[in-house]
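One structure is given here, and the rest of the page talks about it.
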Amino acid sequence: ETWDMPLAYAASNFHSENAAEFATCVKDKTGGAMEIVTHPSGSLFAGNDIKRAIQTGQAPIGERLISAHQNENPIFGIDSIPFLATSFGAHEQLWEVAGPKVAEILAQQNLVYLYSVPWPPQGLYFKKPVESVADMKGIKFRSYSTATARMAELTGMLPVQVEAAELSQALATGVAESFISSGATGYDRKVWEHLTHFYEVDAWLPRNIVFANKDAWDGLSVETQSAMRDCAATAKANGLQRSKDYTQFTLDGLKAGGMTVGPAGANLVAELKAIGETMTAEWLESAGDEGRAVVDAYKAKN
Amino acid sequence: MEQLIPIALFLFVLFLLLGSGVWVGLALLGVAYVGMELFTSRPTGDAMITVIWRSASSWTLTALPLFIWMGEILYRTRLSEDMFRGLSPWMARLPGGLVHTNIVGCTVFAAVSGSSAATLTTVGKMSIPELRKRQYPERMVIGTLAGAATLGLMIPPSLTLIVYGVTINESITKLFFAGILPGLVLALMFMTYVAIYSRVSSSWNPSPEPRMSFWEKVQNSRFLIPVMLLIIVVIGSMYLGFATATEAAAFGVIGALVLAAGQGSLNWGTFTESLMGAVRTSAMIALILAGAAFLSLSMGFTGLPRGLADLIASFELTRFELLMVLLVFYIILGCFLDGISSVVLTMAVVEPMIREAGIDLIWFGIFIVVVVEMAQITPPIGFNLFVLQGMTEHQMGFIARAAIPMFLIMVLMVFVLIAFPDLATWLPENIRSRPS
Amino acid sequence: MGSLRRGLDALYTAGGVVAAFFTITILAIIVLQMLARWTGSTFPGAADYAGYCMAGASFFAFAYALNHGAHIRVSLLLSKMGRWRYWGELWCFAVGTAASTFLARYAIKVTVESHRFKDVSQGQDATPLWIPQSIMAIGAVLLAICFWDHLIRLIFTGNHGIREDLVDQSHAE
Ligand code: NA
Ligand code: NA
């Protein structure tokens, strides 16, 4: 059997490379009985469409940035609550609690959760040194979601709405002077052409999830299913390591490009944590009891 | 060669549907349907509507109807004539005469529009009737327009370059700057061809333009002021960072309306005519885009484009040979696919090949744009051919033949790029030092 | 029959007028978004709304454009078919009718499913997707009606009634 696997990101992206490795693993473990063909760069379905396409069987398996679907269910956005879990380690702990809950909701949507890999942590890009929230006042901050717009509001920055495709142009022309993303984004887009400082505030670590269509999954033999589960476990671990390695690689890249890269000062961290508390509380209001249970369980572990 | 069967099948159904006169967008839809039904067990209709909805509701597309509308407004006012009155005295004495207004007009509008079809519509609407009135050879009018309009893809802003940049993670600003010089060189090459042809051809007998003194020419240039103002507003807004391409298009529409009102040619009639005209033209293009989106998905499922690219990778070629193979490959692919689809579908395999061969990816972006530009004018699927067919009474065959010299000039442009790579890389490498 | 004919033509034109309103709305949204940015406020979901209007501007105009002969086709062979042209046209309209009906069927299906799944947009607009998708569905149904209309006319009168309006096309009106 051959399964087409739509991926949203370029073939050279570590998530795509990890998925390709997962596909090879499945092929080897099943002795060629199951072949997964990856389609990177949104060449089959665009990122926005992948989840729905898998749900309805238009493709049997695929990968999606899960927080993109938080309008559908706030739980899908649990990985992107600002300053809730601010390191790879903390984030894995959060996911230990949240993962099963997300898998449960996905199961109700005809999806079988296979594995999940975090993106590098989100940091703040600026055009000048920033030591406190007060220094951010009035800076034009690129927002692309309700949460990022709210963050601008809470820090006194001016939110400017800029779509991903236009980020580089917005930075080049000064439409935006600051944004929040991983070191990878800045490295890929060579933002040192326009900005000077990157603060590793590790605001959140968005996750990609690989899931399969439930009907297609149920049609597989038990052996194939268990081979795929094994490969998924490997892919989860390898993906996490790739993400960590890539984080270091891109931070070094930003430095080589001439940017000042480093953790935020203690003062700034404390102020941002406070903002994080506010935003977590706001998220909990929308997420209801289910969300509260997950966040409480996570906090209890720490 | 397990790929041969799908290739033959796609080609057969495509030629059958397109050749028999089925509307292009629906013909693409039909080919894609056959591909899906034969090569995948996936639900065809559901998959189709997913990608059609995505492509039809894309906000990046909104620049298209707006730029078309701007062209419609300009077409319906005296502005197009004015631009001709302003440009023609300067072009008239050049060998090749007013055909140069096609090329110069496209070059200028390319700096406002991200798409070739929009450039073609805007400039063509102005220039075709005027050039016909003056008895220029129809072939040259149509051919130069088809060719020069493709500059819309190379001179920034460019949708193709944005897609390419996002796909390979390259700086889009750099890619934009990389397109400027090659775009101007290509325009010059088109103009050189027109000049030479006009001297050699015996059938080149346009109505003579009245002679003018230099002062009269300068005076006539006042007719250019409204159009130049509009272009400055549109381009300026983008380059000064006030506006994105779509927003610049909105400036364009509003600016065109203001200018039309200023010269008294705006009334309820011209307003609704321009609007309804834009609606029909952009619907026509949108239907083709919808069909193309489904065809890309279908081809993606068959693995055909990537299979071909893999095959090329297996030959282990030198850098020049690789580029020649890619040139031929993209020309063939470009006969059947729109440029953005060919870029998205193949880059996954081509990018590693290019990196491996040590080819600069910014430079390769411009190479790809030239090849994608060719695809705009090669039958059976060539966007500029479709748009021109919509704008003139000509058959596709006539338009395609008229565009052949332009196609060959673009092939020559590829060799110019290979010989002088600095054309594409010098500007982007030197913007780094500009103050931020 | 005359009133049915006029009614259908008016229906396609009405589709075109709605598409025109969507085009103006695109312009309005983009201008508002710019104003918002210059004044330091935001217009959440502007890009998404513009996208929905784009779909509306296209889909509502498909039938209108067909009825005006604005859609492009390669008519080289057709024009050389002489007395066989009727069969050529019949083939084209049959394929067109099948394709547009197929499109309409799935445009309706995706809309109904989006409603059932309670699918919402992933952008800041968080619009329930069935709302903008029903714009696509209505437009696709209009196109299918238009094709059936002309196919039936072609079968019974020998003429599909679309004049490839070349002046119209060359002006792309
Ligand atoms: Na352009
Ligand atoms: Na072509």
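Each residue, glycine too, has its Cβ placed from N, Cα and C.
Bear in mind that TrEMBL entries carry predicted annotations, made automatically and left uncurated.
The domain 'TRAP C4-dicarboxylate transport system permease DctM subunit' feature in TrEMBL is assigned to B:12-422. The feature transmembrane segment is assigned by TrEMBL to B:7-36, B:56-75, B:141-164, B:176-200, B:221-242, B:248-271, B:283-302, B:322-349, B:361-378, B:398-420.
Long-range contacts of the transmembrane segment (B:141-164) within the same chain: residues 60, 99, 102-103, 105-107, 109-111, 113-120, 123-124, 127-128, 131-132, 170, 172, 175-177, 179-180, 182-184, 186-187, 190, 194, 238, 245, 248, 339-340, 343-344, 347, 365-366, 368-370, 372-374, 376-377, 384-385, 388, 392, 394, 398-399, 402-407, 409-410, each at least 6 residues beyond the stretch ends and with a Cβ under 8 Å from a Cβ of the stretch. If you count C-beta pairs under 8 angstroms between the transmembrane segment (B:176-200) and each of B:7-36, B:56-75, B:283-302, B:398-420, the highest count goes to B:398-420. Residues of the same chain lying 6 or more positions beyond the ends of the transmembrane segment (B:283-302) and with a Cβ under 8 Å from any Cβ of it are 6, 10, 23-29, 31-33, 35-36, 39-40, 42, 47-48, 51-52, 54-56, 61, 64, 68, 117, 337-338, 341, 344-345, 381, 383, 386-387, 390. Model confidence over the domain 'TRAP C4-dicarboxylate transport system permease DctM subunit' (B:12-422) is summarised by a mean pLDDT of 83.
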